Amino acid sequence: MPLPRQPGWRVPARAKVYEPLKVFLRVRPFSIAELESHDAQGCVTIEDAQTVILNAPKESSAMKNSERGIGHAVHSFTFSQVFGPETTQSEFFEGSMKDIVRAYVNGVNGLVFTYGVTNAGKTFTIQGTSKDLGILPRSLDVIFNHISGRHYLKMNFKPYLSNDVKKLEDEQVKQEEALKTAILASLKEETESISTTITNFCDAKLDSSDCTSDNHPSNSLGKACMIVNINQHTSTYDETLHVMKFSAIARQVIQTILPKNFGYFPPKLVGGDGRSLMHFDANTSVGDFADSTETSAEEEVDITILSHEDLLKAAEDLKEKLVAERQSKLLLEVKIRKEMAEAMFRQLLETEEAWRQVILHSALRLEEFHINRLEDMKDSYEEKLESKFEMYKEAIKKHAYMCAMEQIEDHYVPIEEFLAEQEKVEDREGKILQLERQLDEQSRRLLALGSLSSDIPTTENNMERDLTDTTVRRANEGLQKQCEEKEELIKSLKFKIQKLNETLLEANEGYRKMAEENSQLKHTIMLKDQEMNSLQNWAKRVLELEETVSSLQKELEERKKHFFAEESKQQKPRRGLLANLKSTVASTASTPLGKGWGKHEEASPYSRKQVLLPHKAKE
């Protein structure tokens, strides 16, 4: 017995709709300052309602590139509709947003986004001003006008069971409202006026989720459009060109609007025990059951037609297909194993190369560190030597100054005493000269009177002789005192010269010690230079080893290519799948690679470790 059709079981399905993304262009008018400059016009030309031509100014990068032959100076772009500078807000809303708002009030989500450079008029297009509203306040106005008169303040129907409703009385309505108030007390009240909504949007206080219809049955549907705002001034030509190129790409985007049915309570076929036997969804019909019965009948007819021989042939075919499939799987496994082995080998080579680079960099850093350390030590030793030389020079100067000061203090005579003594010495010398003159005169007189006064008594001669002896004795005593003073001065000078010699010996001893320390420092610097030379030799050795490793790797690659070429040329006997697999695996781990490495195993321990490591990993 066919099931009866009931209204509402099937909702007519809508086909998929494909339409390109609509891209609208709005050109911002010139400001007063831009109009007064007269050099900011002529870059943007509106050819018709859908085409715009951009002419590159002389100062722009696009003109410079076109002069070099890289790009073009003139660009043409096509849009869904172009709105010129004289377009008003209402005209722009009618031409771009009205269809999307109408679709939104009919249950289709809408998306509008603007794109453009700074100071291109995006905020004015979306929000507008208090006197000239933008597309967002106008869209809200249309939505509020649409829902006015359709907002039910009270409901007196309530769902009952699966697909039925019941009418509530006045007391029951009050109880439901009280229950709703208690449950939804923490939620905020929805906006009910267009002015409040516009104010909240302008103040950025309304969350973006309030603009979506999450509970709408067809919220996956939606329409979108793109609004491009540009500025005609020459200073923003390059940025405007990039914006236009992006909008040209956006016009190639295709919107796919999928069909979706409205929700409902699906009916059920209930059995005698109260359990549901079958659910009917929106696409269920009587024709579906007829098709299923016909299909099952056809299947039974096909099974009875097949004979025993056909079944055996089919089984043999299936066995052959299974064997072939297994063989292909085994070959695929062998291929995958080879690829994995090659990948592991390449990874090991990369790891080896990375470690080689790390060792080389560490050796270079160590060499630089030792060089810097030697230079620092050399500089510090030179500074110490200079400081010691300066210290010794200052000490010698100070000691000489102190000795000179002591000598001056010991032999210092005031100027008054010195002048007085000098006057005394001069007086004494004058007296001695006078006495010598008198003595000469007396001697001459005595010689002259010797012949005339021969009769003078001997007593007078004795007196004159005594007087002369007394004068000579006094003169001799004065001269002896002067000689003694000179000798004492000579002794004091000799003592001071001895002290200066001792000081000079001490200075020579200090200089000798400094010379010894300098020689030790030179020896240390020579040792450091030798160490640095040894490090440089080791670095050269490392580079030679790296060259050896690279040559071994090249030889390994050549041997590997030769091995694979010979292997591909050889004809394998058909001894079965397992035998071919064993021979393939054995050939992968054979000795030609090991022999290739064995030729250079005595080159150096370092290169041997680096080359044998991948060989072991591959085994």
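The count begins at 1 with the first shown residue.
Cβ atoms are placed via backbone N, Cα and C, with glycine included.
Curation does not apply to TrEMBL; its annotations are automatic.
The region 'Disordered' annotation in TrEMBL falls on one of the ranges 452-507, 564-619, namely 564-619. Looking at 63-90, 147-174, 371-398, the range annotated in TrEMBL as coiled coil turns out to be 371-398.
Fewest other C-beta atoms within 10 Å: among the binding-site residues Gly116, Gly121, that description fits Gly121. Surrounding the centroid of the Cβ atoms of Gly116, Val117, Thr118, Asn119, Ala120, Gly121, Lys122, Thr123, where the record places ATP, the chain contributes additional residues within 8 Å, namely Arg28, Asn229, Asn231. Same-chain residues at least 6 positions away in sequence with a Cβ under 8 Å from that of Lys122 (ATP binding site) are, in sequence order, Thr114, Tyr115, Gly116, Ile227, Asn229. Annotation for Thr118 (ATP binding site): same-chain Cβ neighbours under 8 Å, separated by at least 6 residues, are Thr236. The Cβ of Val117 has fewer other Cβ atoms within 10 Å than any other of the binding-site residues Val117, Ala120. The Cβ of Thr123 (ATP binding site) lies under 8 Å from no Cβ of any same-chain residue at least six residues away in sequence.
Residue counts for the domain 'Kinesin motor' (20-153) under DSSP, helix first, then strand, then coil, are 47 helix, 34 strand, 53 coil.
Within 10 Å of the C-beta atom of Asn119 (ATP binding site) sit 14 other C-beta atoms, taking all shown protein chains into account.
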